[in-house]
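Asks: Here it is, the structure in full.
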Amino acid sequence: MRQLSQSSKTAQKGFFRFYKVNMDKTCPFWADDRQCGTNQCGIAFCDDEVPAGLRRRNAVNMEEPKQETPEEVCVDAGNDIDPMDRTLHDDEKRQLDDMDHHDDGLEDKFCEIEDDESDGMHYVDLSKNPERYTGYAGKSPQRVWKSIYEENCFKPDPKFDKNFLTNPSNFGMCLEKRVFYRLISGLHSAITISIAAYNYKPPPPSLGQFGSQMGTWFRNTEMFAGRFGTKWSWEGPQRLRNVYFIYLLELRALLKAAPYLQNELFYTGNDEEDAETRKAVEELLEEIRSYPDHFDESEMFTGVESHARALREEFRSHFVNISRIMDCVECDKCRLWGKVQTHGMGTALKILFSDLPHSHYKQDSSKFQLTRNEVVALLQSFGRYSSSIMEVDNFRKDMYPEAESPKSSSSSSQQRRKSNKIDL
């Protein structure tokens, strides 16, 4: 599969490097002590380093403020016998506020993300906190993934697969549920690829504290082969296909959001860098336009309106739950990238499904907007999957060097072009 070289370059621009996040939210599902066993887990905030232009409230394609008009005075038509009762009790007002909150975009909210101005939100420079091995292992990450797969992922009909909990798969699911499962599997697989590509070998214990900085980073080919080969499970290659699947899904979302991105100034206060960022985004969009379109969101949530709406809401609520589980990850750096990638994927889903017949954006497309944090998360998430695909190719070269001869390389690339379509 052809990669887009511009994606990683764009993600390194100042506008996209700084992500605003609340790292102190407690796990909403169980108690956690957030203790990581290595110094690779921590991150540092960089609020003082962020360009002043990024600190303003920012949204892509935000509505222009409307001119205020004099408030009309409502005059009673003269019903003195049974006048209208305009009073509301406090509990009724709260209920109406909740209803307004739901109507104001909740049905298109795929992530549990706080407002940029909320307490506890801080900027993190993602370029200084790369996703890689941190030593985070054991019961805590197992619990997180178990919760995602067993409690928050769609399950197939038991008559098709009675062993889903021990060997998750998407066999026996409808289209929408297969897509959801592939999103979660692809996220899990991409994280695993990053850990294998940037693995860490600690120094010998005999060196004591003097050897704490003498560990080595290396590519763990054995780990990659074990997770994605067929030695332990037939699902290994399918897990890799799910990484490509998310790549194509987010690529489609970027293409669909192109009109919004082209209207954005990507303002940081540095005119030269802002111009470079706009040029980089335009070059990325040009690459995306030249790429064959493989993901078709119009195939999803079709059929009877009531059933489609209910299925879409189930899909959305499941994904919101998964974004909340990311607050249960004890390792800071792992939690950071879990939030970034689920936020990016949630933004892609918001873009793809915003114009469905039962989306409130369909009624008034002018209300559709993307915040700066959403754009950053989507670009960074897309960059992570692009990097994962590059690492898959690198691991293949490590494992099968003989397959990289000019002749075999040419035939294999022709085969990939013939079978480029990825089925849902």
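Please read every residue number as a count from 1 along the shown chain.
Each Cβ is built from the backbone N, Cα and C atoms, and glycine gets one as well.
Just so you know, TrEMBL annotations are computer predictions that nobody has curated.
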Asks: Which of Cys328, Cys334 is the other half of the disulfide bond that TrEMBL records for Cys331?
Replies: Cys334
Asks: When a 10 Å sphere is centred on the Cβ of His188 (FAD binding site), how many other Cβ atoms does it contain?
Replies: 18
Asks: Just checking: which of Cys111, Thr134, Ser185, His188, Cys331, Cys334 have a Cα that is within 10 Å of the Cα of Cys41 (disulfide bond), counting only these recorded positions?
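Replies: If one measures from the Cα of Cys41 (disulfide bond), the recorded positions that come within 10 Å are Thr134, Cys331, Cys334.
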Asks: Taking the Cα atoms as reference points, how far is His188 (FAD binding site) from Cys334 (disulfide bond) in Å?
Replies: 12
Asks: Quick one: give me the count of other CB atoms within 10 A of the CB of Cys331 (disulfide bond).
Replies: 24
Asks: Round to the nearest Å and give the CA-to-CA distance linking Cys331 (disulfide bond) with Thr134 (FAD binding site).
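Replies: Distance between the two Cα atoms comes out at 8 Å.
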Asks: Taking just the CA atoms, what is the gap between Cys111 (disulfide bond) and Trp145 (FAD binding site) in Å?
Replies: 17
